[in-house]
Structures are given as C-alpha cells and as structure tokens.
Amino acid sequence: MLPYVIATLGSAGSTCKASTCSNSTKDYCYSARIRSTVLQGLPFGGVPTVLALDFMCFLALLFVFSILRKVAWDYGRLALVTDADSIASALHSDNHDRYERLTSVSSSVDFDQRDNGFCSWLTAIFRIKDDEIRDKCGGDAVHYLSFQRHIIGLLVAVGVLSVGIVLPVNFSGDLLENNAYSFGRTTIANLNSGNNLLWLHTSFAFLYLLLTVYSMRRHTSKMRYKEDDLVKRTLFINGISKYAEPEKIKKHFEEAYANCTVLEARPCYDVARLMFLDAERRKAERGRIYFTNLQSKENTPSMINPKPCGHLCCCVIRGCEEVEAIEYYTKLEEKLKDDYKREKEKVNEKPLGMAFVTFHNETITAIILKDFNACKCQGCACRGEPRASSCSESLHVSNWTVSYAPDPQNIYWEHLSIRGFIWWIRCLVINVVLFILLFFLTTPAIIITTMDKFNVTKPVEYLNNPIITQFFPTLLLWCFSALLPTIVYYSAFFEAHWTRSGENRTTMHKCYTFLIFMVLLLPSLGLSSLDVFFRWLFDKKFLAEAAVRFECVFLPDNGAFFVNYVIASAFIGNAMDLLRIPGLLMYMIRLCLARSAAERRNVKRHQAYEFQFGAAYAWMMCVFTVVMTYSITCPIIVPFGLMYMLLKHLVDRYNLYYAYLPAKLDKKIHSGAVNQVVAAPILCLFWLLFFSTMRTGFLAPTSMFTFVVLVITIVICLCHVCFGHFKYLSAHNYKIEHTEVDTTESRQNGRPATNLPAPKSAKYIAQVLQDSSPEGEATESEEQGSQDEELITTDGMNDTDFQSCEDSLIENEIRQ
C-alpha cells in the first residue's frame, strides 16, 4: 500500500514544479489552522518576536518561582519526612513505605543550607553530583539524566551538521523570494527539484539515524543497571489454586526439581480495603493526637465542622453543625480501628491465586522459569508439561503463569485484586473513552474552530501581528500538549496496573503516540484533529487530495510554526515544570476539602510524590522528535531544540533532587524510551521521502534511495522489537549488575537455611500485613503519635531542633 500511495503522490506531485505553491494550496493547508496557527508572510516567520516574548515570560516565571520557593519553604520540608508512618518506620525498623501516589509537588523540598538564598538554587543545580542524585533519588533518576545528556550530545552533533552544512545549502537556492527576512529561504523548499545537492539531505538523514543508534548504544553501555539479588531469585506465579498452602508450594518445587531449596513462598491476598482502612485510621489517629495536644496547651476544646470544605462556611446551618474535635476523631478512630481489625481477620479468606516464591540461587530460578515458558503453546502444538510432583494436581500447576517478580517496592499491592476479565474490561472502557475524547479534541485548531463559529476570533482576523499569529497559537498548542500527559496519566492510573513500571510504561507510550499526532503529524498535514485525519485517509478522494496534503508539510512558513513551538516548550514549558502548577492547584483543592487544621497539616505533609518518568519521557521525546523530523527540511529548529534539552536537563535535575521522592522501577521503562528515540530519525526519513516524491517523483534516484533505506530501517526495528533479532544493530547495550545479598549468616553447612526469614525490608508482602498485632497497634500508634508531635508542632517548635532531627530522619530515610 505504501509504495502505491507514494507512487501516486509522485505522479501527482511531479506536476507541481513551480517555484512556490499556488495560493489555492496555501489556503487549503492554512484553512485547518484557522488563520492564526501558522504565520503567513511575517518577517522571518515571527521567530525573533516569539523568542523575545517567550524569554521575557521565562524570566518572569523564574522570578515568581524564586518568590514562591522562599515563601513556601517549610511546606516542602514537612512533606518529605513528617508523615508519622514514615517517621516510625525510619526510627524503629528497616522497612519503610516512602512510595505514595503522585502527581507533583507544590513547593520546593530543600534540606541543604548551601542553596537557601533567593536565587542561590540556580547555582546549586550545577553543583549537584550524580552520586548525590543516585543516593537520594535512586538509580532510575541517574538513568534518566544520562539519557538526557546523550540526547544533548546527539543534538550538538546534529546542530553542527544542520546549521553548518544543510542551512547554507538551503540558503543557496533561488526558488523563493530573495529577501533576507524570508523564513522560507532557510528550508529545503528553496532548492530546485533537479539540484544534486538534495543528495546531501538524504545522506544526512541516514547519518542522523546512525548517530542516534550510536548515541543510544553508548548511553545503555555506560549504564550499569543494578538488580537486587532477591529479585533474580524470586518468581511471581499466577494461576495457583486459591487456597494453596505455602508448604505445598515449597514441597512441589523441592520434589519436582533436584537440589532446589525454597526459602519463602508468599501467597497474595486482597488487601485493597485493608490498606484503605489503615490509611484512614492513621489519619483519624493523627487528628485526635493533634487536637489533644492543642487542648492541653490552650485549655479550651476545639470545634470543627466535619463536612468537606466545612472550615470555609461562614454560618451554621442545619446539618453542618460544629462538633467537638477530640470527640469526633476519637469516635472515628475507634470505628475505623474496629473495621480494620475485622478486615485484617478476614484477609486470609481472600486469596488471589498468586504467590511470590524465593529460591536459594538464580540458577534454579532460571531453570524453573525456562521450564514453564517452554510449555506454552506454539502454533497448534504444545511442547510438553512442566515437571510434576505429588502436589501438582491440587496446585493446578498446568494453569500457572510464571515470570520474574518485580521489586517489592515496585508493586501496587492494592491493585493485585483487579485482574483477569475485569481488568481487561476496565482497561478497554478507559481507553475507549480516552480515544473518543482525544479523537475530536486532538489539536488546538479544533478549539479555535469552535471559537470562530461565535465570531470570537473575528476582531483579530485582520491583524498581521506576530503576537497574535504565532505567540498565542504556539502557546495554546503547548498548553494542550501539557494537559494531554495529565489526562493520559490518570487513564493509566485508573487502569490499576500491578507495578509502577507498568503504569509508567503505559503512560509513556500512550502520551508519546497522542503527542506526536497532536504536535507533529496533524499540524504538518494541515489537519485539525484525528477525526479529520481518518475522514481524509479513508475518503474516496484520498489519492486525489494526498498530494495537496503533503504539500502542506513543505510550505515555506510551515517550519516557523514548529520552531516557535520548540521555543515555547524551551522557555515557558520548562519554567512551568519548575512551578509545578498542576500540583499547586491539587494542593489548594486538597486544603479546601480538609475538614480541620489537623487534616490541613496532614495535606501539607503529603506533598512529595514520585517522579513521573513515563510522562517526562513522553513529553521530552515529543519535542526531540519534532526537532529531528524538521532538522533537515528546516535546520534552524535544531539550536532551539538543543536549548530546550539543556533547560529541561537542568530543571529535571532540580526537581529530582529537591521536589520528588525516589521511585523504584525496572529497566523496561528506560529501554522503551530508547526505542522511541529511534522513531525520530525514521520520521525525518519519511519527511524527506515525501518531499522528494512530491518534487521529483517516486522513481527519482533520491526518492528510491530514501525509500530503500526507510524500508530496511523499519524492517530491522520491527524484527528487533517483535522477535529480538539484530541485537548488534539495536540501540540497546545494557549491562546488568546484580546486588548480592549477604547470606553468610543464613547458611548452614554450606546450604541455605530455610527457617531464617528474609529481611523485613525485602519481603514480598504488603506493608499493611507486616504490621504488629492488633493488640499492640494502639500502644505503638500512641508512641508514634507522641514522637510525631515532638518532631512537628504547629507553633512551638524550635527551628534548630527541627532541622537536627529532620537531618537524622532524612539520612535514615534516604540512605537505605
């Protein structure tokens, strides 16, 4: 189909040999952009004006951020370590649960005295070392930042070639007007169709592909991805008989496999409601302790309105009467504690038919995994059954699905109960709703079209002003592209993935796909939404109008729109990442919904969230793809793309170190990002193929060469991604290091001791099931609450005492 369409485009486009596209073609392409999306005829595409405006906005946003950072200093300090649960965990055990749900943060987290000035945080970004980031943020953050540095190096090489060689070649053409202020003279549209210099563009596109693969291989080869020894020795088994006992699971493996020792078998249970009750119980407990201490200081009882937003009510109405705070939270705590105890007693009656099984070494784990995977049907023939034991039938071994277990900190224990048919239906409904929403609202052009129906844009129709025609449209496109990751993120969150890595990978792939359609493909083709795209693609007039559509890509001023978009992303986008406006809005909403001062303090203490690697990868790769796609047809875009990546790298270093909690993911999220990088030079080849076909026809030497290179590249990529072939040609070259666990004390006579439990922090069991017995929880909670109040009080806390205690907590919290 692709060669036929391209050949048709060539035959249709070969008739278009004029120096410029006709006015009808321009109107046809610009019509989808509603007169205010692509600049038509302004000096140098309005780039200098947009650059100046965006830079001034960037400076203003940095000033606002510095003020907010100074004013909201203590919010971030409270957010990281003052949760009572985390404090107790850090002080009393090796296990702690730092990983909560995330969106973003509303204030800066800073514990280093070296950057507590008004603008000293700017220089502190450059003084942060990778070792400090690894210790505080984890290995995934170092992986992510290394990825950015290699993209920056790639853009430096591409920028030197594009600006130093391709740009003068484009400028040497004479098809467009001989005007120093004409943006079109810098694009490939300025060259004649018979110019032999077009071979340079095709060769450089292939060179950029090779540079991209080399850069990613260098990135992956330098990153030693560390995997815990426990993870490599643990298998996750799904499909077990629901009421299978751990001893039977151990017996099966030790009978079926010689020299196999099972250290631990942990069945999984439905703990979603138990975790919810535990969280609510702790909130009520903290509220009771807060008002008890407050009453002991002020000797007056506190009254609260227990309704949501009750503290905002200025009058007392029926049904919203105030109640005594200690009495309210005491009753609520007792009720939740009773519900929690009852649910904990019933949790063993809710098995999920899953288990985590830990073995004594990696070798036997690999043998068992290979044995079960080899039994999967291939075509119509099945290659046998797994090894049997006396417990095989009762355990339903033939129904097992076996894989390596994720890291315990990577698991959403509350989501394990959502599985099978219910999970697939839930996922299907969510993604259908998401697709329908984005199907009609893919680009800002469709919004502007709706506004235009009510004559909203009529007053500015005749204004040929860069601010009207370029600044606001590109800003609008950035706003929509910023909103899209949030929508896609919440869709992935409601899908209830079992692991954080799976959630981030889904977010990354979906965000990247929709962003490429929104930002690159549809605006380039002069289409306003996916709705129009599919109607154009499957219309009977497709072949007749295809040539005109692809001419939209190579209009002289088309590249200016994307240059201005990259400028907006570099300055306004990165500045907004520093401010984290969505997180600030969410924080304000949560404060408004809080029912008392205790709950508002609890909101302040739960601002710090994990960094969203999936959304960050997707947005960054979208801008990089736009830059690489137009790096040859519009080479002036590359320096601005490099500027975006440099600012993005600095902003992410700051956010990772000061604003977000560490996240524990697997290497699949990083390898998926590497795969997406290769899509950028492939799209660049597509753009050159379309241009060559439109100008010279499909059978021209440049068109055929580009087509052959493109087909070979796509075949290699598909074979590698789908079947694992061409590993030496791939962009992956990861080296994995295993973090060995000291098992000297757990061995008896050279053989692992089966009666010694794994360290508490490494257990494959939900945190809520690792807590102490219900009888001891009340006393322990009182002690935790007392310690919490000693550490954090609203008014009477000495800053020096807080800082010293906080430093010890941070060291215990982060260094583990």
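Quick reminder: no glycine exception, Cβ is built from N, Cα and C everywhere.
Listed features, source Swiss-Prot:
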TOPO_DOM  1-46  topological domain 'Extracellular'
TRANSMEM  47-71  transmembrane segment
LIPID     C57  S-palmitoyl cysteine
TOPO_DOM  72-138  topological domain 'Cytoplasmic'
LIPID     C119  S-palmitoyl cysteine
TRANSMEM  139-171  transmembrane segment
TOPO_DOM  172-195  topological domain 'Extracellular'
TRANSMEM  196-220  transmembrane segment
TOPO_DOM  221-420  topological domain 'Cytoplasmic'
REGION    224-419  region 'Intracellular linker IL2'
LIPID     C375  S-palmitoyl cysteine
LIPID     C391  S-palmitoyl cysteine
TRANSMEM  421-450  transmembrane segment
TOPO_DOM  451-465  topological domain 'Extracellular'
TRANSMEM  466-495  transmembrane segment
TOPO_DOM  496-499  topological domain 'Cytoplasmic'
TRANSMEM  500-536  transmembrane segment
TOPO_DOM  537-559  topological domain 'Extracellular'
REGION    560-592  region 'Gating helix'
TRANSMEM  560-592  transmembrane segment
TOPO_DOM  593-612  topological domain 'Cytoplasmic'
TRANSMEM  613-631  transmembrane segment
TRANSMEM  635-659  transmembrane segment
TOPO_DOM  660-666  topological domain 'Cytoplasmic'
TRANSMEM  667-695  transmembrane segment
TOPO_DOM  696-700  topological domain 'Extracellular'
TRANSMEM  701-721  transmembrane segment
LIPID     C719  S-palmitoyl cysteine
LIPID     C722  S-palmitoyl cysteine
TOPO_DOM  722-816  topological domain 'Cytoplasmic'
Judged by the number of other CB atoms within 10 angstroms, which among C57, C391, C719 is the least packed of the recorded sites?
C719
With H, G and I counted as helix, E and B as strand and the rest as coil, say where DSSP puts C719 (S-palmitoyl cysteine).
helix
So what's the mean pLDDT when you look at the topological domain 'Extracellular' (696-700)?
78
Measuring Cα to Cα, how many Å separate C57 (S-palmitoyl cysteine) from C391 (S-palmitoyl cysteine)?
69
Long-range environment of the transmembrane segment (635-659) - Cβ separation under 8 angstroms, sequence gap at least 6
47, 76, 104-105, 108-110, 121, 125-126, 128, 132-133, 136-137, 141, 144-145, 148-149, 151-152, 155-156, 158-159, 162-163, 166-167, 170, 186, 559, 562-563, 566-567, 569-571, 573-574, 577-578, 580, 608, 611, 616, 620, 623-624, 626-628
C719 (S-palmitoyl cysteine) versus C391 (S-palmitoyl cysteine) - Cα distance in angstrom
41
Is the transmembrane segment (47-71) in contact with the transmembrane segment (613-631), using at least 3 Cβ pairs under 8 Å (sequence separation of 6 or more) as the test?
no
Where DSSP helix means H, G or I and strand means E or B, what are the helix, strand and coil counts for the topological domain 'Cytoplasmic' (660-666)?
0 helix, 2 strand, 5 coil
